[in-house]
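Everything on this sheet refers to the single structure shown next.
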Amino acid sequence: MATLYAEIQPFETGTLKVSDIHTLYYEVCGKENGKPVVFLHGGPGGGIGERDRRFFDPAVYKIVLFDQRGSGKSTPAASLEQNTTWDLVEDTERIRKHLGIDRWVVFGGSWGSTLALAYAETHPEPVKALVLRGIFTLRKSELLFFYQNGTSHLFPEAWDDYIAPIPEAERGDMMKAYHKRLNSDDEKTRLTAARAWSKYEMSTSRLIPDPDDVNKAAEDDWANAFARIENHYFINEGWMRDGQLLEKQSIDKIRHIPTVIVQGRYDVVCPATTAWALKKEFPEAELHFVPNAGHSAREDGIAKLLVEATNKFRDL
């Protein structure tokens, strides 16, 4: 992926205890005294990876990445206790203060875009700019499209694998049926459900599916955290009103913040209608539809525009 910056290693890694249960893993890379940017990963439950460091010019940016509660190297793994949207919003602020950062650019895709919006609408003062990809606002309509009736029409073979662990009588509410199994006392039941849930998302995230993405769903530790935490958030509707992040009163708090939105036209995980709804409520934002892409930040057209967006904000 030539559009990304070269691979880099952190100059600082650490942990931050954010509750009596949770300790977050974080890393900082790029320029030590550079302009701060924070990367908010997807899922929820997905965790950070080496590729996530590469959307930012390391000669300019001080790049902060962290694993959200229960994700990646944060502990305890896959924990649902004290794990809500608003906990993560405050964790993001705790990381900023812990690192002595005054203001920063906030970058997030998919669930990361949800968290970025929630964070900026709660704490607009430290946000210099927003770079958002694959917009997701946790509305019921968005969840139902992917997990109940929508994407199933476009990826029928992936859908069949997704519904396979669920008895036909329970398929009228797939998120509820999966919730039961992802929280089962039986480890085999949990892992079977986690692999199937994760494989469905990995199989549908790109315009042309990548076998490496699909194979990641077979990694039990990753799939368990990813599926359990995602389902936990979605069953609880993100602990917010339906459409809260798109309400005028919410957008008015961030209207002054320079914002770039990058959206794959054929995204079936977080369909383009949500990015369009955000643009209509937030016309000051700059929206780019990528005509030959789905959901993944790994797709060339999306990656190119994300790098262009972070380069645009280098001088802030």
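Any Cβ shown, glycine's included, is placed from N, Cα and C.
The annotation active site, nucleophile is assigned in TrEMBL to Ser110. Packing around Ser110 (active site, nucleophile) is summarised by its Cβ count: 26 other Cβ atoms lie within 10 angstroms of its Cβ, all protein chains included.
Within the same chain, the residues at least 6 positions away from Asp267 (active site) whose Cβ sits under 8 Å from its Cβ are Gly134, Ala293, Gly294, His295, listed in sequence order. Annotation source TrEMBL lists active site at Asp267.
As annotated by TrEMBL, active site, proton donor applies to His295.
Here TrEMBL flags 35-297 as domain 'AB hydrolase-1'.
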Query raised in the report: For the domain 'AB hydrolase-1' (35-297), what's the model's average pLDDT?
Result: 98
